[in-house]
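Notes follow once the structure below has been shown.
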């Protein structure tokens, strides 16, 4: 009876995973082996390994790397300061708050801010730098993406810093370690798990960003996400779109495996 | 355990109750069965007064639903479960729907007003003999520009886009057919060209344009051009008329080498329930007076010869939106190039987008 009812409780989870995790992956794998005419073939994969898509893949990785790096650079010190702050829950809430606003609205707001006659340019002009093109540049793309991803990087780092036992830092200082050495040898290694999950939470979605590439980068940055969108919506070449998606799934699995291999207690 | 069962049961009961309630409310308002007509059209693409007039004249109740892309419309019609009686897809979507057997032939006997349509706009490649579709509005692809910022260039020729002093000043609409077609046109080729050499040549030519291209954007192009974010934009004439009405400084021109001629046509999808009312509606919209009123409201170019005569001179005489015959002859409708070629066009377009400045 006991195991019986426990199995019953599992049904919703099992059904959920089967319907929304396993089935979609099976479907994209299935479609990736169908060419544009609907025949079975490997042509999509052959096509994927041509210079056009390889260049696109490289640029996706490059931008995702930049976005992750800058998010980390901003999020780590912020999280560190937050754990020291007086009203940390309030500060945390304020940082998370923007993620409650719809992504599209934020993107449109940035079009207004970064536009030729927008706030950013008005500021640049008033300090004597003159109008610059900000919108539709690599800078604006990375900036807006970092802005959007910061909460996802910040939260896991903040949590791991919170869990850090402060006596360890005191002990390091007592033993004569400089603040920098303490950070390098004690704090950072002990929060590396938070950094890893933060990087996963940013890098993986950043690889397949698509809407921001059009709205903020004006399609001057092309990621694999853009190509998937185009194949599904415009060319109706579902096979090719699915092939790129399969590639992304594999890459993500590899990233998860590599960054998640060593569990807690790892030494830096 | 019991609680879970109870929870599920109550959710199901509530669900069915709501379903019943909506169907009850719908029938209260005369939405199911009866004499209704479901029109599926682009947002803000009809003068609402005309719907009221049609309802009064025929006693048919009109349900007006909107879509924002041909693809979305196609999917909804193909999926079934809808009762659209009249839809207004664009040319290439019509040929796709025709191939996929999603359309019903139009009974021309029931549409006497068809005679008002300019024969130039009939019998085109996407629907030979107009078996399935009747023109609603038409337009071109051209250049919107700010005369103050382009050093006296007129964009009579596509070549003007390539001038070095327009660095970072051009916005392009994010459409493979439009941009690759522009490249082909600028070289004097047809925008339906499938010759690989010509296509590669067009790509090379387009790649040279990259320093001038500020961005490739979707619908935002209207807002960006009206706000003078860039001096020049490649757009559909429909968007152009909206941009011009928001910012009077700007101008629109169709370059003389030729360009695209596009159509939004009325069709009767396979899902239609009220065929009689559908034909009544199409005939109603082709009536010169109604078509003129609609053209004035929407601001697009009407294919209706008789309606054009009723329009005020400043609209019908506007050569930007009603180009003279010698230019119209150079305009081409997009042929349905087949899925494979369309995919190739999109690939070229992707390559162009990736070409760095």
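The backbone N, Cα and C atoms fix where each Cβ goes, glycine too.
Residues or ranges marked as transmembrane segment in TrEMBL: A:12-33 (among others).
If you look up TrEMBL, you'll see A:57-259 marked as domain 'ABC transmembrane type-1'.
The transmembrane segment annotation in TrEMBL covers A:61-83 (among others).
As annotated by TrEMBL, transmembrane segment applies to A:90-114 (among others).
TrEMBL lists A:134-158 (among others) with the feature transmembrane segment. Residues 63, 66-68, 70-72, 74-76, 78-79, 82-83, 92, 95-96, 98-99, 103, 106-107, 110-111, 114-116, 118, 120-121, 191, 193-195, 197-199, 201-202, 205-206, 209, 212-213, 216-218, 220-221 of the same chain sit 6 or more residues outside the transmembrane segment (A:134-158) yet have a Cβ under 8 Å from a Cβ within it.
What TrEMBL records for A:201-218 (among others) is transmembrane segment.
TrEMBL lists A:238-258 (among others) with the feature transmembrane segment. Residues 25, 27-36, 44-45, 47-48, 53, 57, 200, 203-204, 207-208, 224, 227-232 of the same chain lie 6+ residues outside the transmembrane segment (A:238-258) yet bring a C-beta within less than 8 angstroms of a C-beta in it.
A Cβ distance under 8 Å defines the sequence-distant neighbours of the transmembrane segment (A:61-83), meaning residues of its chain 6+ beyond its ends; these are 91-92, 95, 141-142, 145-146, 149-150, 152-154, 157-158, 161-162, 195, 198-199, 202-203, 206-207, 209, 221, 223. Long-range neighbours of the transmembrane segment (A:12-33) within the same chain, counting only residues 6 or more positions beyond its ends whose Cβ lies under 8 Å from a Cβ of the stretch, are 40-42, 44-45, 238-239, 241-243, 245-246, 249. Panel annotation: around the transmembrane segment (A:90-114), residues 78, 82, 120-121, 134-135, 140, 144, 147-148, 150-151, 154-155, 158, 211-212, 215-216 of the same chain, lying at least six beyond its termini, place a Cβ under 8 Å from a Cβ of the stretch.
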